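Peer 1: This is the feature table in TrEMBL:
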COMPBIAS  690-704  compositional bias 'Basic and acidic residues'
COMPBIAS  715-725  compositional bias 'Acidic residues'
REGION    690-725  region 'Disordered'
TRANSMEM  6-30  transmembrane segment
TRANSMEM  60-81  transmembrane segment
TRANSMEM  93-112  transmembrane segment
TRANSMEM  132-157  transmembrane segment
TRANSMEM  169-189  transmembrane segment
TRANSMEM  209-232  transmembrane segment
TRANSMEM  288-306  transmembrane segment
TRANSMEM  340-358  transmembrane segment
TRANSMEM  370-391  transmembrane segment
TRANSMEM  614-634  transmembrane segment
TRANSMEM  646-668  transmembrane segment
Amino acid sequence: ISKEKFSLYPFCFKQVTIFGYPLSIFFIVVNEFCERFSYYGMRAVLVLYFKYFLKWDDDFSTTIYHTFVALCYLTPILGAIIADSWLGKFKTIVYLSIVYAVGQVIMAVSAIHDITDGNKDGTPDNMTLHVALSMLGLLLIALGTGGIKPCVAAFGGDQFNEDQDKQRSTFFSIFYLSINAGSLLSTVITPILRAQKCGIHTQQQCYPLAFGVPAALMVVALVVFIVGSGMYNKTAPTGNIMVKVFKCISFAIKNRYRNRSSKIPKREHWMDWAEEKYDKLLIAQVKMVLKVLFLYIPLPMFWALFDQQGSRWTLQATTMDGNFGSMVIQPDQMQTVNPILILIMVPVVDFIIYPLISKCKLNFTPLRRMTVGMFLAALAFVAAALVQLQIDATLPDFPSSTEQQAKFINMVDRPIDITAGNNTFQLETFQSNKDYYTYDRPFELKIDTGSPVLISLPDGTRNTLVILEEFGDVVAKPEEGANAIRFFNSFGMVLNITVGEESFGNIISKNMSTYVDVPQGTAEFLIKNAAGNQCVFSREFGFGSSYTFIIPPTFTLEENCGQHIKEVEDIKANSIHMAWQIPQYFLMTSGEVVFSVTGLEFSYSQAPSNMKSVLQAGWLLTVAVGNIIVLIVAEAATLPDQWAEYVLFAALLVLVCIIFAIMAYFYTYIDPAKIEGKFANLEPEDEKKKNLEVTKKDMVENHNEKRRKSSNSSSDEEETSQTNF
């Protein structure tokens, strides 16, 4: 009796509806929201994790980022084949979601610096372990997210009956809304989580939390999906159409090669050589698909530019000012501009722009829209290049590996004249020269009328010379928008300086402290001596600057002690505002709206009814190839400036755009339903007779040709000959 009751529950649940919709779709929509939050949340902070935690340079970080994205768009083909040919959609989603969740957990663990920080200095001692865990986690995530990508939406569609077309259409709208909602929220929240401080021994940027929350959401997604198991309509796997298409194409190519003799009559289309084994309806459908896939060839270049929003553009934002009034925007949060603009621009384009163009009697066909979208993406990279030029103008000119740079601080109580190499200048008391001087060999330093001294500095370094004392300076922009601060103590006693939880330590007289990273905003430095006397020095900082603060001999530990402290600016703060990235995001999003949405609509309108999935796989493949293009350029290009790389990508896309426009001009739109109808109306016997006649004629010719050439033949040829004779 208990078994009988248990078996009835799924049947009962399947009948439950809310406002005409199956209750089961609630679990699918929630699952998709959590999964998209997990994926985009992890991806939002990924390139900064490579740069700041794993300490990779910009080019290598970009390469690994785009390798990961490419894998995420290659694995959907594998997932679709597994679901349709072996496990079915439900089991595929469950099994690959488990792989997905494990990958997210491994990524979160890989970001915990304390697990290998034996000396508790805040830096992992075994970076190889962190890299290995990260790569394993990303591989599992790529397999999981890509594998379930083609299954979830289709599985949701399976929950509706044939008479529920309206409800099914509404479901897909809600489904894609959940995707955008998950993407938008995650790209806002996870950068905030990353910016927090966490750790057991030392407080660092909280990448474990930024990866851990998406991991938790993926576990929730899996649990929610499994909870609804009893309510789902689970269809058995019926075979994957992509496999059938590949076999048909493969047979046509092999058969054409076998019949390459000039004596054999030509056929109208090379796919017609598959008629010996496959019915004409399938062949006609494959022809339609190939016609669209041919147009896909130039499309990867668009995605090569589009997906750099998460890599190059995010890295560009790290060198910009993110202060929006009372709110501070993290570099990785700029990615939220895209989903926000998508939600605004899709209805604007659909209900305002396109109708206006139609009223102007302009034939704005889908392929023309896609061409415009590619051109807008190219303009976005031109805008990015212009912004980069402005940023480069504000960045320090750091020394090359064969150069040295030096600046000088006068710590005596009178002005002094300095000659350093070919540079001659005067410094007032407690003042520094504004810019660094660059030398490619040891130089002579002369102060006033004294004897010259030969100064030799390490190659590739910046240095501050306090008369004849040398102190190494930072040779790169401070990481993550922090400000590199240090103090020179020329006071007559030891001073202890702290800022927040960070300490400069005890600074002895006539000595320089180490650099301490101070975040953007108002910093309060607590200065005290051994007797316990203290004062507070306050200073407002921007993003990415570096200062040397000089405590003079006349310094006093009083309420306004900061007025005595002199400052030397080693590196200017980021002065180009992140808002200047909005135009490039606007152009890119505009291009996405008219390219991506239109591209999918066009593909579906030109594809046979049973081969939408083949075109979906082809579309995702263009995204993967686009990311492969980025990693090739990032590794192979030897361009010295980032703005030049942006211009290169823009130029390549304009070239591809022209090629695509020419291809589109010669494209003839078709009606797949009409073409399929021609074959559907044929009587089965007539069709069988036609195929038999063609088979006999061609196979006899094949058989005779084979007898002339060789007694050996492939297994396929033997099987075909036996069937004919």
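Here the Cβ of each residue, glycine as well, is placed from N, Cα and C on the backbone.
How buried are the listed features, and what sits near them?
Peer 2: Listed by sequence, the residues of this chain that lie at least six past the ends of the transmembrane segment (60-81) yet keep a Cβ under 8 A from its Cβ atoms are 39, 43, 46-47, 50-51, 92, 96, 138-139, 141-143, 145-151, 240, 242-243, 307-308, 310-312, 315, 613, 616-617, 620-621, 623-625, 627-628, 630-631, 634-635.
Sequence-distant contacts of the transmembrane segment (288-306) (same chain, at least 6 residues past either end, Cβ-Cβ under 8 Å): 245, 249, 271, 367, 373-374, 377-378, 380-381, 588, 591-592, 595, 599, 602-603, 606-608, 611, 614-615, 618-619, 621-623, 625-630, 633, 649-650, 652-653, 656-657, 659-660, 663-664, 667, 670, 672, 675.
For the transmembrane segment (340-358), the residues of the chain that approach it from at least six positions outside its boundaries are 180, 184, 364, 585-586, 589-590, 592-594, 597, judged by C-beta separation under 8 angstroms.
Only residues 6 or more beyond the boundaries of the transmembrane segment (614-634), in the same chain, are considered here, and those with a CB under 8 A from a CB of the stretch are 59, 62-63, 66-67, 69-74, 76-77, 80, 149-150, 241-242, 245, 289, 292-293, 296, 299-308, 311, 599-600, 603-604, 607, 645, 648-649.
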Peer 1: Where else in the chain does the transmembrane segment (169-189) make close Cβ contacts, counting only residues six or more beyond its ends and a cut-off under 8 Å?
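Peer 2: Apart from its flanks, the transmembrane segment (169-189) reaches 21, 25, 28-30, 32-41, 44, 153, 156-157, 159-160, 213-214, 332-333, 335-336, 339-340, 342-343.
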Peer 1: May I ask whether the transmembrane segment (93-112) has at least three C-beta pairs under 8 Å with the transmembrane segment (209-232), counting pairs 6 or more apart in sequence?
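Peer 2: As far as Cβ distances go (cut-off 8 Å, pairs 6 or more apart), the transmembrane segment (209-232) and the transmembrane segment (93-112) touch.
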Peer 1: Taking the transmembrane segment (93-112) as reference, which of 132-157, 370-391, 646-668 has the most Cβ pairs under 8 angstroms?
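Peer 2: Per the Cβ count, the answer is 132-157.
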